[in-house]
Amino acid sequence: MLLTLYACLLWLSTSGLWTSQAKDPDSDLSTRSRHRNLAPNNVDFAFALYKHLVASAPGKDVFLSPVSISTALAMLSLGASGYTREQLLQGLGFNLTETPEAEIHQDFQHLHSLLKGSNITSEMTMGNALFLDRSLELLESFSTGSKHYYGLEALAADFQDWAGASRQINEYIKNKTQGKIVDLFLEQDSSAMLILINYIFFKGTWTHSFPPESTREENFYVNETATVKVPMMFQSRAMKYLNDSLLPCQLVQLEYTGNETAFFILPVKGEMDTVIAGLSRDTIQRWSKSLIPSQVDLYVPKVSISGAYDLGSILGDMGIVDLLSHPTHFSGITQNALPKMSKVVHKAVLQFDEKGMEAAAPTTRGRSLHAAPKPVTVHFNRPFIVMVFDHFTWSSLFLGKIVNLT
């Protein structure tokens, strides 16, 4: 039997960060602090996982939602037994002698609720669904806990008829994501008897739009020998910018109209690995304090990217070694004995476009004739890094390494 975990992360169309004032009107400090208890562990896990994925795919695109993966693994721990449960939670950075397990799940419950409901200016759909064969039955303890803390929805499927089961799952995901993802599973034979799907659909709005009339086709330099054509968006305005003195890169910070903030990081040519190695929670906090308003001519590709990963071996390298080994380690999920779990898969899709809440004044590529400070030009026409954070919950929503835009 196969346990397949799918995180479907769709549509990024795009608000400071941890030092910013949250836009949520909730002023109850005890409530506000609960979800931020998770932030240090979640962000540390995010960068550890991101670096493992990058190392496993040199020269390729990487894109994931760390907070989504953390949430799914924490939920799985409800069905794990003994040492496996400790491995899962410790792999996420939790010290169970300092933080009671019940508190961890309560914090994730609050975080999940905030991410789903706090941003009225964006479309966001988040959820968890467990498809299990009709011969299996969930244990009441796992069913109750996973639904209460993580909103898990359990559905029966006939996995003896994989073509029919895959169509059922595809239709469910299509409906939940408003048609933004289709054909998640192909109609091919599978030994799966239980499939966990963690999905998130997000369509945000930039605070400052990119003028559509300024978008033009340009070269994107994949490497020294490969070039592809991409539509390149453009805007010229004051925005937060940094030419980092510690890591060899430039970066800009762009905001959504809600609680989200995007960092676009452009490494010096040949220094992508150096910059990625230097990414950490401390780096993000330093950047948040160091970015200063500057006049910038900004060029960003209008593209869609996607990634699919079998996380099993990577999570094993990170110390969660029992996640895929023996069925007894997850004896708390179903009343029936589970065969060996063999796959944990994460899938992500990202799209950038020009849409924003505030229309930008028409901008012209090239210099104006009247006297003005010369803008800094930041041209994302070669491999770059993108990160999206929710600055109210301090969550790492998305991390990406963009190399090839074909």
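Quick reminder: no glycine exception, Cβ is built from N, Cα and C everywhere.
Just so it is clear, the model here is predicted, and its values are computed rather than measured.
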Open item on the list: Looking at Asn119, Asn243, which residue has the N-linked glycosylation site feature per Swiss-Prot?
Closed with: Asn119
Open item on the list: Among Asn175, Asn259, which is the one flagged in Swiss-Prot as N-linked glycosylation site?
Closed with: Asn259
- [ ] Could you check the recorded positions Asn223, Gln253 and say which one's CB has the most other CB atoms within 10 Å?
- [x] Gln253
TODO: Among all chains shown, work out which of the recorded positions Asn95, Asn259, Gln285 has the most CB atoms within 10 A of its CB.
DONE: Asn259
Open item on the list: What does the structure give for the C-alpha distance between Asn95 (N-linked glycosylation site) and Gln253 (cortisol binding site)? Integer Å is fine.
Closed with: 33
Task: Local Cβ density at Trp394 (cortisol binding site) - other Cβ atoms counted within 10 Å - done: 21
Open item on the list: Validating a neighbour-count step here. Other CB atoms within 10 A of the CB of Cys249 (site 'Conserved cysteine within steroid binding domain'): how many?
Closed with: 20
Open item on the list: What does the structure give for the C-alpha distance between Gln285 (cortisol binding site) and Cys249 (site 'Conserved cysteine within steroid binding domain')? Integer Å is fine.
Closed with: 16
TODO: Let me know the DSSP-derived helix, strand or coil state of Cys249 (site 'Conserved cysteine within steroid binding domain'), please.
DONE: strand
